[in-house]
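Take a look at the structure set out below.
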């Protein structure tokens, strides 16, 4: 086994299903899978398949999602081995994927749970308050986003009473919030977010691009690999003749901001339109662009497919897509195929749906492919591709 993990050895936690596979074999298996899926689109003497970008094998995650079980005096942070049995809690505070700083944090959180009387939610009895603790760390300044997922606001006064003591033990610039999830269902978070700190975002920084992480927003879980992913996209397009481009499914702006910064260094009139359905992610991306003093950038909180299908302005020179696992879907893929933009960048966490989308992009040739091992010890991976319009 490449990581010493007692939880895997005892089969208490098997999230890392490939933990017994040597890391080199993991990478090879992922490459084989990727090449099999995209083989119809690989062109001899044209498609460049670049070497995979490797990950650290431990402590690479910036995030922990902990189910809270046990008792208020002795809370267990980790997972339930049996989703229907509240007594089946497995403590994962020593998970080797978490940053080293989390180790000192978990005892502080357990103490806080006891002091604030946050009784762990019992799924069998439908009683208790605290369902999950969600933690995210910035590698840039070690600040923490700490979210307590509760059944109701009932314990808020006690939490606020104990908060100053907790904040004194957390890194500077940390964010603490209560997320209210009243449903008796295995749903990670509810719609209501109550901030207990003045700050509502933590700052990350990849390649001198500030990125802001908010509750309920998507952010890559492997910062070292993610920063290389964005830098690679930036490198692929920085010398191309691009006047305007779109960044669809833009999230907090990682791809678009990296590319805009590089392109505007040569031509300040380059225009970027970034589209993302999540309003809070767009707020984060806007904040980043302001801090970078980038001009000619338009952000909109819209459905990416709806935006593209209804957009009547000039054809962009580049379109970047970074969709969720379901892919961009046939209507958007067919539209982009007809739109005729010279260049496409497609970043995917699901090569199967990406390959399906490629079938509709028949006017394009696959020029570059690179695998990014965002999710070591699992079968999942990220892939970055560059497509050019056929002449």
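A Cβ is built for glycine as well, from the same backbone N, Cα and C atoms used for every other residue.
For the recorded site, residue 5 ([4Fe-4S] cluster binding site), the DSSP three-state label reads coil. Counting only same-chain residues six or more apart in sequence, the Cβ atoms lying under 8 angstroms from the Cβ of residue 5 ([4Fe-4S] cluster binding site) belong to 13, 16, 19, 95, 96. According to Swiss-Prot, the [4Fe-4S] cluster binding site annotation covers 5, 13, 16, 95.
Per Swiss-Prot, S-adenosyl-L-methionine binding site is recorded for 220, 249, 276, 322. Summarising the environment of residue 220 (S-adenosyl-L-methionine binding site), the number of other Cβ atoms within 10 Å of its Cβ, over all protein chains shown, is 23.
Under the heading active site, nucleophile, Swiss-Prot lists 349. In sequence order, 324, 325, 374, 380, 381, 382 constitute the residues six or more apart from residue 349 (active site, nucleophile) in its chain with CB-CB distances below 8 Å.
Cβ atoms within 8 Å of the centroid of the Cβ atoms of 5, 13, 16, 95 (the [4Fe-4S] cluster site) belong to the same-chain residues 3, 7, 8, 14, 15, 19, 92, 96, 97, site residues excluded.
Just so you know, of the binding-site residues 13, 95, 249, the Cβ with the fewest other Cβ atoms around it within 10 Å is the one at 13. In the three-state DSSP scheme, residue 249 (S-adenosyl-L-methionine binding site) falls into the coil class. Once the Cα atoms of 220, 249, 276, 322, the listed binders of S-adenosyl-L-methionine, are compared pairwise, the greatest separation found is 16 Å. In sequence order, 249, 250, 251, 282, 285, 299, 301, 302, 304 are the residues of the chain that are 6 or more apart from residue 276 (S-adenosyl-L-methionine binding site) and have a CB within less than 8 Å of its CB.
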